[in-house]
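The structure appears below as C-alpha cells.
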Amino acid sequence: MHQTFSSPSCPLFYRKPHFSKTLIRFSATPSSPVPTPPSHSSSPIFLPFLQEQDRTLQHQRQQKEEEDEDPNDPILRFFKSRTSTQDPRFESKFSLQKNRRPSWRLASTTDPESDAEFDVEEEKEQVVSDSCTSLQGISGEILHFARNLPENSTLGEVLGPYVGRVGERECVEVLGLMCEEGLVMGCLYFFEWMGLQEPSLVTARACSLLFPMLGRAGMGDDLMVLLRNLPKTRQFRDVRIYNSAISGLSSCGRYDDAWKVYDEMETNNIRPDHVTCSIVITVMRKDGHSAKDAWEFFQRMNRKGVEWSSEVLGALIKSFCDEGLKNEALIIQSEMEKKGISSNAIVYNTLMDAYSKSNRVEEAEGLFGEMKAKGVMPTSSTYNILMDAYSRRMQPEIIENLLLEMQDMGLEPNVKSYTCLISAYGRQKKMSDMAADAFLRMKKVGIKPTSHSYTALIHAYSVSGWHEKAYKAFENMKREGIKPSIETYTALLDAFRRAGDTQTLMKIWKLMLSDKIEGTRVTFNILLDGFAKQGHYMEARDVIFEFGKIGFQPTVMTYNMLMNAYARGGQHSRLPTAIERDDMVKSGQVPDSQSYQKLRSILDLKAATKNRKDRSAILGIVNSNMGLLKPKKGKKDEFWKNKKGRRRIQSFAHDG
C-alpha cells in the first residue's frame, strides 16, 4: 500500500517529519509559513509573474492529484476527515537524541490521565501467577491428581469419587491452573469429564480458558471439534467463546478456520466486541493482508458500534508498522488519544521496535522519553528493543548503561537483554573476550542461555578468528541440551570458513544434515566460498547440488565466488568452461559489471605475471648467448670477512 494521497485538506499521506533541536512532530496538517526576511535589494520586477506561474502550476498539480485519488479509499477518507488545525498541540510529539545521555531533553507535555491497564495476549513478558500454589479442598485434590497421573490412565477415570461434589467455580479454577502449568491432555480430559456430568459443568469461561491453550499446543482439530459440539443454547452464544476460538486457531496458523469461525459468529448474530476486532486484525496481519485491509475491517467494526480500545489500537499500529508505515501509525495513535484511548506499553513498544529496526534509534529514544513522560511504565521488552538497536550499531557501552537503568526501574534483565550485549561486543573484531565475559555474567546471575545467546557468542569467536573456541561453545551448547538453530550452524560454519579448515567445515555440514536442519542462502554461500577458496572444487559442486534440491539455485554471487576461487587457485583457464558448464547464461544468471570487472582484473594480473616471467627468461637466454652474464659468485670461505681489509692493508704498504 505504498501510495501517496494528496488533497487540499490532507496535503500528504506520507509526510516527512519536521525536525527541531529537541522536538520532532508528526503531523498531517500543513506547517505554518516561515516569514521571509526583508530584502535590501531593489524591488523585484519579475517576482509577481513568477509567483503567478507557481500558483498556476500548483493548481494544475492539485487537480491532477485529485483525479488520481480513489474516492472509496478508506484510509484517504480517514485523513481527509481530520481537522486541519495549524500545529495541533497533541500530535504525537517526542524528542530526539542522537547520543544517549543520562539526562533527558523532553518536550513539555501536560499531565495525562492515568492509563488503564489491559491484559493483551501478545505481551510476552506478562508475569504468570505461580500455579504451584497449594489449593485447599476439592480443587487442590484434583490438581494433585492431574500432576501425578498414573500411566495408562486418564484424568476422567480417577475422578469418579468427585461426581456431584464439584461445581462450575471449582472446575474453572482447576482448568485455569492446569492451563498455566501446560497440562494440555489433562485439560482436555478434564473438560470432557465436565461435559459428562449431570448437569453439565461446561461454561463459557471454561471454553475461553481451554481454546487458546489448544491453539498454542497446535491442536486446532481438537479445538474445532469441541467448538462444533458445544450446545446450541443461548449460554454458548457468547462472544468470549468465539474470541478464544479465533485466538487459538490463529496461534496454530489455522487462519482459514479462524475466518470460518468469525463468519459463523456473524451468521448467528453474535455482536463482536473490541477484543474480536483486535484478534481479527491480528489474524489478517499474520495471514498476509495489507494495512489497508485491516483499516477497512476496523471501519466496518466502527460502523457496527464496536468500542475503541487499546487492544484495537495496538493491533492496528502493528499492521501499519509491519508495512513500514510508521508515520501513519503515529497519526492513528494521535487520533486515538483524542478519542480518549490512551496508549499502553505495548503500543509504544510496537512503535519503538519499528523505528529501531529502520535504524532510526533517535526517534525510538524520543518515543521512550514520551512514554515515561506520560506515566506509562516501560517493560523489559521496551529496554530490549533499545538494546537490540544499539547492538546493531555496535555500541555496547550504551547497552551497559541501559542494563543499569533497567535495574534501577525495578526490572530484571532477561536472556534477551544479555544476548544483545553479547552481540554488540561480538560484532567487533577485537572484543570477543568482552562478549565471553558478558556470557559468563549472564550465567552467573542464574539466567539460562538460549540458542540465540550461544549463536551470538559463536559469532563473536568467529569474527576474532577463534574457531577452536567457537567449536567448544557449540559443544557446551549441545551438552546443556540446547538445540542448535540454523543461525548457530551458520555462525559456526563461518568461523571455520575464515580459518580455512575444510575438514571441520565438512564435518559440521554433515552434522547439520543429520539434524535435519535446512540451510539458508547465507549457509549456502558460506559453504561454497569455504570449499572453493581452498581448492576443493568437487565439494563446492556438491554444495551446489545439495542446496539445489531444496530450491536454492545458483545466483550471480554463486558464480562470482566460483570464478574467484578458480582464479585464486591458478585455474583461470577453466573460467570460461566453468561458466559454460554451469549454464550460467542459459539460466538467466548473466554476470553483472562487477563480475566482468573482477574476472578481467584476475586475468590481467595472471597475464602480467606470465609476461614478466617470459621476459626475464628471454633476457637470460640472450645475455647468455652474448656472454654478458656475470659469473656466479663462488661459495664464501671462512675468512671472507677479512679479505677486504687485507687488500686495504696491502695497498697502504705499497703507498708507503
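Just so it is clear, glycine is given a Cβ too, placed from its N, Cα and C backbone atoms.
The region 'Disordered' annotation in TrEMBL covers 55-94.
Counting same-chain residues at least six beyond the ends of the repeat 'PPR' (238-272), those with a Cβ under 8 angstroms from any Cβ of the stretch are 121, 204-205, 207-220, 223-224, 227, 230, 279-280, 282-283, 286-287, 301, 304, 306. The annotation repeat 'PPR' is assigned in TrEMBL to 238-272 (among others).
Feature annotation from TrEMBL assigns repeat 'PPR' to 273-308 (among others). On the 0 to 100 pLDDT scale, the model's mean across the repeat 'PPR' (273-308) is 91.
Residues or ranges marked as repeat 'PPR' by TrEMBL: 309-343 (among others).
Annotation comment: TrEMBL describes 344-378 (among others) as repeat 'PPR'.
Here TrEMBL flags 379-413 (among others) as repeat 'PPR'. Below 8 angstroms of C-beta separation, residues 100, 102, 123-125, 345, 348-349, 352-353, 356-357, 359, 361, 364-365, 368, 371, 420-421, 423-425, 427-428, 431, 434, 447 of the same chain, each at least six residues beyond the ends of the repeat 'PPR' (379-413), sit close to that stretch.
Residue counts for the repeat 'PPR' (414-449) under DSSP, split into helix (H, G, I), strand (E, B) and coil, are 25 helix, 0 strand, 11 coil. Here TrEMBL flags 414-449 (among others) as repeat 'PPR'.
TrEMBL lists 450-484 (among others) with the feature repeat 'PPR'.
Sorting the repeat 'PPR' (485-519) by DSSP state (H, G, I as helix; E, B as strand; all else coil) yields 27 helix, 0 strand, 8 coil. Marked as repeat 'PPR' by TrEMBL: 485-519 (among others).
Under the heading repeat 'PPR', TrEMBL lists 520-554 (among others).
Per TrEMBL, the feature repeat 'PPR' maps to 555-591 (among others).
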>> For the repeat 'PPR' (344-378), how many residues does DSSP put in helix, in strand and in coil?
In response: 26 helix, 0 strand, 9 coil
>> For the repeat 'PPR' (450-484), give me same-chain residues lying six or more residues beyond its boundaries with a C-beta closer than 8 angstroms to one of its C-beta atoms, as numbers and ranges.
In response: 415-416, 418-419, 422-423, 425-432, 435-436, 439, 442, 491-492, 494-496, 498-499, 501, 504, 515, 517
> Under the DSSP assignment, what numbers of helix, strand and coil residues are found in the repeat 'PPR' (379-413)?
Replying inline: 26 helix, 0 strand, 9 coil
